[in-house]
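**Q** Okay, here's the structure, questions in a sec.
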């Protein structure tokens, strides 16, 4: 594939300056990440790319020997998170950059090694010029941080429940980069619950003072409004099980043993996941069951798509149960991935019909789960727009009849979004029209549902050039192998180009590059 000993050095130019001469690439000054800045830069001449062995020790030796490229030795400030081997036989070492042993929030470095044990790419955020210590000390315990986070969101731990899912609340000590380039210790607190309403909170608590630095509800939506009409009424096959003298919507047919389970909340917003949908016969035909039938059938197809194309076993690739709850609330105009499961409202009849009736929306939500467990793109600004875009793109890969997203559930307009023509639904289709919206709930966290139109159009350009079969492999590899939580549009472009080169060679990589050039990136 023409890799040889070429090294693609990926560094966040906002964290360190590289004296590398590249056409059209300039290092950023200071510590403020530029929205259109790539952290996937190319460098041909290196001291050594061949590893003595494909392991953590050898990778760090490589980084040390190439310290001139990185403006210092990054090996001492990287902690191995995981190492994986992909279907091509390539190995990928994912590291967390640390300050005084504490991981830096939303930053990763990935070292990529080919089958000949040559390093062919490095990408991520090195923070190689960071201070040796943080500006503050740890005085608040993790238990106290969790309590402060609950207070900040106005909830009591006893007043919320995660239903049948495991308690995933946690407080992890992280180093947070400040605007002046220094670092502070803070707890990255995750609070997830499904009642009295779905929430997936991230709260940053200063580890010294206990002050709240940031709080965000990251429940990820396919849409903000909806409508409600009856479902299509088509007859579809269902994988069910027989339990306690009745048939239930529990799919046990998957060869990996992963279960797909569908519940009915009966218009409640509490006691999730709800009641397991059941029938005295093998048929589920009542009008109240139709939303559940669609959710169950569509999610089975989405699971099959990810498994047959990528051998991915559930959203986390660990075989976790895939849970859906339908009839969430009364006229609830949304579908959402809550961090542990999917919920579907019935809509209000004016904009949406029941949201479980759309295959591409189901795929969109499932992909949020995949993203959460891989690139974990932060849900704001460009990373958040990429999060939404990758969900839309895989929504299309699951439902290739047209380029629209949500066309089966909208009532007052043809669809929610369009990959081929984002401007049809008030989205930009070129970076020149990027909308700098506030990073608030009212500003859609920097326009994650708005600016996703730009990478969506790039995806359309890619698919029309390469076809679905190649494009879906390229997009999956980029999402699971190269992207990191803080990846920007430029990073996504570089990751997709590299993925195309890995899989299909330089000709197709050039087509991906052209697809992104066409949207101003």
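Yeah, the Cβs are placed from backbone N, Cα and C, and that goes for glycine too.
The signal peptide annotation in Swiss-Prot covers 1-27 and rests on sequence analysis. Annotation comment: Swiss-Prot describes 360, 399, 402, 404, 407 as Ca(2+) 1 binding site, evidence class sequence analysis. The Zn(2+) binding site annotation in Swiss-Prot covers 364, 368, 388 and is backed by sequence analysis. Feature annotation from Swiss-Prot assigns active site to 365; the stated evidence is sequence analysis. The feature Ca(2+) 2 binding site is assigned by Swiss-Prot to 399, 402, 407. The active site, proton donor feature in Swiss-Prot is assigned to 449.
Describe the structural surroundings of these features, if you would.
**A** The local packing around residue 360 (Ca(2+) 1 binding site), expressed as other Cβ atoms within 10 Å of its Cβ over all shown chains, amounts to 30.
Taken residue by residue with DSSP, residue 388 (Zn(2+) binding site) is part of a helix. Within 10 Å of the C-beta of residue 388 (Zn(2+) binding site) there are 29 other C-beta atoms, taking all protein chains into account.
Around residue 365 (active site), a 10 Å sphere centred on its CB holds 29 further CB atoms from the protein chains shown. Residue 365 (active site) falls within a helix when secondary structure is assigned with DSSP.
Its Cβ taken as reference, residue 399 (Ca(2+) 1 binding site) is surrounded by 23 other Cβ atoms within 10 Å in the chains shown.
Under the three-state DSSP scheme, residue 449 (active site, proton donor) falls in the coil class.
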**Q** If you count other Cβ atoms within 10 Å of each one's Cβ, which of the binding-site residues 364, 368 has the most?
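**A** For the binding-site residues 364, 368, the Cβ with the most other Cβ atoms within 10 Å is 364.
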**Q** How big is the Cα-to-Cα gap, in Å, between residue 365 (active site) and residue 407 (Ca(2+) 1 binding site)?
**A** 15
**Q** By a 10 A CB contact count over all chains shown, which of the binding-site residues listed here is most packed: 402, 404, 407?
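**A** Compared across 402, 404, 407, the most Cβ atoms within 10 Å surround 404.
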**Q** Given the recorded positions 364, 368, 388, 449, find the one whose Cα is closest in space to the Cα of residue 402 (Ca(2+) 1 binding site).
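**A** So, spelling it out, the nearest of the recorded positions is 364.
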**Q** Between residue 399 (Ca(2+) 1 binding site) and residue 388 (Zn(2+) binding site), what is the CA-CA distance rounded to a whole number of Å?
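**A** Between the Cα atoms of residue 399 (Ca(2+) 1 binding site) and residue 388 (Zn(2+) binding site), the distance comes to 17 Å.
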**Q** On a C-alpha basis, identify the one among 364, 368, 388, 449 that is nearest to residue 407 (Ca(2+) 1 binding site); the candidates are the recorded positions.
**A** 364
**Q** To the nearest whole angstrom, state the Cα distance for the pair residue 388 (Zn(2+) binding site) and residue 449 (active site, proton donor).
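**A** Residue 388 (Zn(2+) binding site) to residue 449 (active site, proton donor), Cα-Cα distance: 6 Å.
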